[in-house]
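Colleague: According to Swiss-Prot, the record shows the following:
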| type | residues | note |
| --- | --- | --- |
| ACT_SITE | H471 | active site, proton acceptor |
| BINDING | 4-33 | FAD binding site |
| REGION | 182-201 | region 'Disordered' |
Amino acid sequence: MEYDYIIIGAGSAGNVLATRLTEESDVSVLLLEAGGPDYRLDFRTQMPAALAFPLQGKRYNWAYETDPEPHMNNRRMECGRGKGLGGSSLINGMCYIRGNAMDFDNWATMPGLEDWSYLDCLPYFRKAETRDVGSNDYHGATGPVSVATPKMGNNELFHAMVEAGVQAGYPRTDDLNGYQQEGFGPMDRTVTPKGRRASTARGYLDQAKGRKNLTIVTHALTDKILFEGKRAVGVAYFKGESPQTVQARREVLLCAGAIASPQILQRSGVGPKDLLQGLDIPVVHDLPGVGENLQDHLEMYLQYACKEPVSLYPALQWFNQPKIGAEWLFSGTGIGASNQFEAGGFIRSRDEFAWPNIQYHFLPVAINYNGSNAVKEHGFQAHVGSMRSLSRGRVQVRSKDAREHPSILFNYMSTEQDWQEFRDAIRITREIMAQPALDKYRGREISPGLEVQTDEELDEFIRTHAETAFHPSCSCKMGEDEMAVVDGQGRVHGMEGLRVVDASIMPQIITGNLNATTIMIAEKIADRIRRRQPLPRSRARYYVSGNTPVRKAPLKPAS
């Protein structure tokens, strides 16, 4: 079989490309996905409050593990990635955060990326979005991605935690994706008006899958990209145990994510020559940056008992769950219709940072992100972590076998800045939690526990308990330097007919969750592939901190 375009990976980027490219009826597209369909009757992926469930199995999760992380007590750490139509948008936490404007302005200072400034990217964020309260200079109202804003009457702990952040001297913002990201405020989520997860399978593929020029093949595990010289001409994949090959007339578009995209390139002969030769993989093109520059967000949970019976603890008890499930199933409302990350914020921990370097997610229950280690009492917590770590990792293929997971090392916490930021984050969080807005609710500190105070004690807590935020990125970075893998249009350097379009091409990780930005990247490059003029540059105003102090005097100073 032959198609104009072959897309590898039906995730946050691949589904965007499949939908946009097939808007032209004379273009044929094959979309290959290693996982299965996004079963709409499976509450594990469709109910926002059930977000922990897909991470606990392997039906929707590749369930990668890192190599022993040398600065984290040699722990092998989780690296969950989505498997199935929707990719990681099928199993993520549904937080709709775009990053800070300064992230993109910083990208645009890099050679070859001049058109990736915030005002160049903002029109594509708007194009992708339908926000439930309508459009403005920052938000769209006609896009495929349903974005829900928090509503009146949601859990009172959200409001108390935001107010505590403001009382601690930090800014308030009414829109973390609007004029000013810096500060504490409500958090948008990718949830439909009917209370369902708004994955890219639902938002994009639902409108495209009936087109005659789009072919979707699930349970299709990519083996390698096929080349004639330096030109990509097709893909070899397995449908179950059966090997298949397909040809691409125009381009192969690799959208397999920050772990699998470099793995597939390397297995296909595009990557660091020494690595490939050591595995007896024929070298098609020596490209040393493939799999390098790997970045992620690391986070911790600071947990508190709640003196008032207002947390979500009762929802964790099995005898309350049938009622919650029924309300969600038949009405699309209630606890089940929210991911329960409805407030958070971004702050600068020190004046040396020009834009926020710490992110908060507030949660009105005390539990790990993957659903483990729930505290058996009313509680609440802050997820807190640094945003732009200087630590760099790598992804390396282990063999020619498409079924073997790659070697992954994030090299977490490898710089002194990492340790300083995380110590600061714990101490700042404790100061926030001590503010009067939380006096009514705040019980004892469950984790880390008040006995953990010195730098050495904090460091050991971090080494033992910090976890991934599931934001791998930057492993096929765009740019023009010697370690860049693609140019500003996603085209692989030194190759023809081959692009990478996903979170792996970010040159530096953004300040926030990755899904919204990955969708934006795909929307922007889709116009390039179609040889369309870019959308007109936005003229929206946006906040730059300049010489503004990190914070005002707190209402209640640290004791």
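Cβ coordinates are placed from backbone N, Cα and C, and glycine is handled just like the others.
Show me how these features fit into the shown structure, please.
Modeller: Around the Cβ of H471 (active site, proton acceptor), a 10 Å sphere holds 23 further Cβ atoms from the protein chains shown.
Long-range neighbours of E24 (FAD binding site) (same chain, six or more residues apart, CB within less than 8 Å of its CB): R530. For the recorded site, E24 (FAD binding site), the DSSP three-state label reads coil.
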Colleague: Would you mind checking how many other C-beta atoms are within 10 angstroms of the C-beta on S12 (FAD binding site)?
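Modeller: Around the Cβ of S12 (FAD binding site), 32 other Cβ atoms lie within 10 Å.
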Colleague: If you count, for each of the binding-site residues V16, L32, the other Cβ atoms lying within 10 Å of its Cβ, which residue has the minimum?
Modeller: L32
Colleague: Name the one residue among S12, R20, S28 whose Cα is closest in three-dimensional space to that of H471 (active site, proton acceptor); these are the binding-site residues.
Modeller: S12
Colleague: When DSSP states are folded down to helix, strand and coil, where does H471 (active site, proton acceptor) land?
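Modeller: Note: H471 (active site, proton acceptor) is coil by DSSP, not helix or strand.
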Colleague: In the structure shown, which of the binding-site residues D4, I8, R20 has the fewest other Cβ atoms within 10 Å?
Modeller: D4
Colleague: Going by DSSP, how much of the region 'Disordered' (182-201) is helix, how much is strand and how much is coil, in residues?
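Modeller: Counting residues per DSSP class in the region 'Disordered' (182-201), I get 2 helix, 7 strand, 11 coil.
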